[in-house]
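Participant: Pasting a structure below so you can have a look.
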Amino acid sequence: MTDYKDTLNLPQTDFPMRANLPEREPQTLARWQTLDLYRKIRKDREGQPKFILHDGPPYANGRAHLGTAFNKTLKDIVVKSKTLSGFDAPFVPGWDCHGLPIELNVEKKLGKDKLSANAFRQACRDYAFSQIELQRDDFQRLGVLGDWQHPYLTMDFGYEADTVRALAKIVANGHLLRGQKPVHWCAACGSALAEAEVEYRDKASPAVDVGFEAVDAEAVRQRFGVKNATTRVLVPIWTTTPWTLPANEAVSVHPELHYALVKSELQNQPVYLILAKDLVDSAMQRYGVDDYEVHGNLKGDALEGMQLQHPFLDRIVPIILGEHVTTEAGTGNVHTAPAHGLEDYFVAEKYNLPINNPVDARGRFIPDTFLVGGQPVFKANEPIIVLLADSGHLLHSETIQHSYPHCWRHKTPLIFRTTPQWFIGMNKNGLRERALAEIEKVTWLPAWGEARIGKMVADRPDWCISRQRLWGIPIPLFIHKKSGELHPKSPALMEKVAQLIEKESVDAWFDLDPKVLLGDDADHYEKVTDVLDVWFDSGVTHFCVLEKRRELKVPADIYLEGSDQHRGWFQSSLLTSLAIRDKAPYKSVLTYGFVVDSQGRKMSKSLGNVILPADVVKNLGADVLRLWAASMDYTVEVNVSDEILKRASDAYRRIRNTARFLLSNLYDFDPKKDKVAVDQLVALDRWAIFTTQKLQEKIITAYDRYRFPAIYQAIHNFCTVEMGSFYLDIIKDRLYTSKESGLPRRSAQTALYYIAEAFVRWIAPIISFTADEIWQFMPGDREPSVFLTQWFSDFPNAALSGEEEQRWQLLLQIRDEVNKALETYRNEGKIGSALAAEVVLYADERLNAAIATLGEELRFVLITSEASVLPFNEKSKAAFDTALPGLALEINVSEFEKCARCWQRRSSVGQIKEHADLCDRCVSNAFEDGEMRQFA
């Protein structure tokens, strides 16, 4: 048999079938760096409209985990898609560098006491730099393009100085408060914590009911209308923090709740109890009392001013009114310790009650505290409960499990503790109202983010921005020793401090002799040594980065972070921006869910479900990780597992194989010379170009709307359905067997060229390494990188009429039914391949109209050796109906010989003596002028 291989146009390309991403991606990365790709893009986009995605700074501690990898990948997809849309979209990465975690690591390594404060801060700075280098390598290895040589660091001298300037503007605008307020306090940190540093965990706590005895029982009884009685009156409170009882200054009741006087017997003694009417039954059940009488009914405001004896201190405390009292649990009477609770503090402030804080910075009672002096607060619960029991004031005690605030770093329970702190006042100068108004102007993605952050801002207390730590940006203020007032020239003095910090770091403030700035006035002022909350550091990036860097702008077009940042960076950025310039720092905010395993569990070493991005990159490649990130619905929790990553790897392989098919059939195609005019294109090729063009519109819209899973699905379907199992399958015959430079083949190549030009750009924001690798093998003159181009726009006008489009949709369905039938025949051993079959289609008028025009070329669409069409009502006995209404099929095994070149079974095989093993079509294609195709 003659070998006709040399007469065929078999696919050829150097683009590798095997991706080998772990080895190949670093080579691409090196090429980008040699090319200075990021700078080239900036130069290329100069003067174009800006699009700014502002990078929320990750903490400079530890390697990138899957959450940060997901974060940076989504950001990179956005930035690259905007670049392809023609925007100048610079990406300036940043790092959050101050704060406790770095202090703890340095302390563990070097010891805090062995170093001077300045040496300790330098050690923290060095440690942060080392962590940044690790993370920078991780992010670059993921293919994230950005200004990695010039990131912003919150510990850069310039940034530290600008943070002081931001604070100076906030001071000048009247938003700073100094107050002695209860704040979340971590004894292990020895410092206040911000709301965003608090996490809630289950904790076992003692829940106790404690009786406060009325000083004038007779007067109380009379208020309730009970006369001629001598029984004592108790006001029971319910609390899960018995350790706060030494700081009790009052008992709060709700002014509008109804309270009852309940007569009962407790501890073998008659007693009257004042309880919220709605809680009487549950309280008495708790006390194990079945027999009791309810006397009288008063609203809470009638109890105001009643005096009670503290259960174990020589202290008389009043009943006061508080809107925070509820009937959800307890007794309706709330133990009020202003030093240890924010609501307690606010209600006590109205009554001008003393605020005594008996707890030190390490969470221990000060030495002279009655009974529990020197003890850690949580250990003080037991002796207090024992004392209450011995004195007859303990009405009930049990242990409960409840959600309780913990330190995000130490995982230890927090306390509320009153200390002198600096606050941004939420109600000062209308900050809260303006924040709520600005939230409504921002686009929140998903939309529920607006309500979430709105509620948080509406409910939040003043923002405590001061911390008692070494490693941080100082609050460079001077306080008058007698009046406690800020120095009248504070903003101007802060600018001078900023100039010093710019040159010498934050040490300049801590080392500063006040006389340098204040002269003789220095003796009257005290220098503040607190540092700023790290959420303030990162919250002013809009001022220190967006406003300062020439290539950026404020407001940013988008902030993109995890949904936990509604209470973190989104909020701190919003509040500082409003306090500085009276508008939000962002136009839109996109949030995503936590990365969890396939069962919805958080990643943890103890569960053994931790997947490190470095391992994924090492084993599968960064592009597989990026494809996984794009495929996930980020509006909910994001699942990951080895199985999920394997699915992403399989999808990647399909995309790569599609690209390889395109490239391998364009090896001899020069777009300048070989492109076929649209009016000469084979109809199927025109359909393919039109389909590609339509899909591109959808893909670009999806990129603009940040609908990454929809893009993934569209590309996946394009590779597997429209292209893989339909168009590319059909045109193989034409590509391989038609005359090399004949119109049928060049028409198909023209379509493949347009598809490849569009396709490589679609995938570029997601699988960036692979897209740029494909780009190097594309035909024609081009830029050195796909990222120096825009979405492909040089499509011919291949628009189809609605009728034509409908016809091709029907053809897809018809071919699907034929394929199913042929597969059955194959499985039954009746045929080896589809080319061994001859198909008769019995079609109704609707379907007939779609396929009749194809005539002889229908067999190429169905990839059978013969295909004919007859009316549906002429079905033979051998025909069978399909799932497509109006279509029946009859399949016969061809009796003709197989062509040695195209493998079709045709009656013309053997008819031409010189080429007895070829069909007439192959003789024409191989040795004569070649066939013509009109439709397929």
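Just so it is clear, glycine is given a Cβ too, placed from its N, Cα and C backbone atoms.
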Participant: Pick from 58-68, 146-156, 289-299, 817-827: which range has motif ''HIGH' region' per Swiss-Prot?
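Facilitator: My reading of Swiss-Prot: the motif ''HIGH' region' range is 58-68.
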Participant: Ranges 137-141, 252-256, 602-606, 872-876: which does Swiss-Prot label motif ''KMSKS' region'?
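Facilitator: It is 602-606 that Swiss-Prot describes as motif ''KMSKS' region'.
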Participant: State the Cα to Cα distance, in Å, between K605 (ATP binding site) and C919 (Zn(2+) binding site), rounded to an integer.
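Facilitator: Cα to Cα, K605 (ATP binding site) and C919 (Zn(2+) binding site) are separated by 66 Å.
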Participant: Tell me the Cβ contacts of C899 (Zn(2+) binding site) under 8 Å, same chain only and six or more apart in sequence, or just say none.
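Facilitator: Result: R905, R906, V909, D917, L918, C919, R921, C922.
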Participant: Going along the chain, which residues six or more apart from E561 (L-isoleucyl-5'-AMP binding site) have their CB under 8 A from its CB?
Facilitator: G56, N71, G568, W569, F570, T591, Y592
Participant: What is the set of residues, excluding C899, C902, C919, C922, whose C-beta falls within 8 angstroms of the centroid of the C-beta atoms at the Zn(2+) site?
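Facilitator: The answer, listed by sequence position, is T737, A900, R901, W903, Q904, R906, V909, L918, D920, R921, V923.
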Participant: What count of other C-beta atoms do you get within 10 angstroms of the C-beta of C919 (Zn(2+) binding site), across all chains shown?
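Facilitator: There are 28 of them.
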Participant: For the motif ''KMSKS' region' (602-606), what's the mean pLDDT in this predicted model?
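Facilitator: That stretch averages a pLDDT of 76.
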Participant: Please identify, from the binding-site residues C902, C922, the residue with the sparsest Cβ neighbourhood, meaning fewest other Cβ atoms within 10 angstroms.
Facilitator: C902
Participant: Using all protein chains in view, find how many other C-beta atoms are within 10 Å of the C-beta of K605 (ATP binding site).
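Facilitator: Taking all protein chains shown, K605 (ATP binding site) has 7 Cβ neighbours within 10 Å.
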Participant: Can you tell me whether DSSP puts E561 (L-isoleucyl-5'-AMP binding site) in helix, strand or coil?
Facilitator: strand
Participant: Does DSSP put C922 (Zn(2+) binding site) in a helix, in a strand, or in coil?
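Facilitator: DSSP call for C922 (Zn(2+) binding site): helix.
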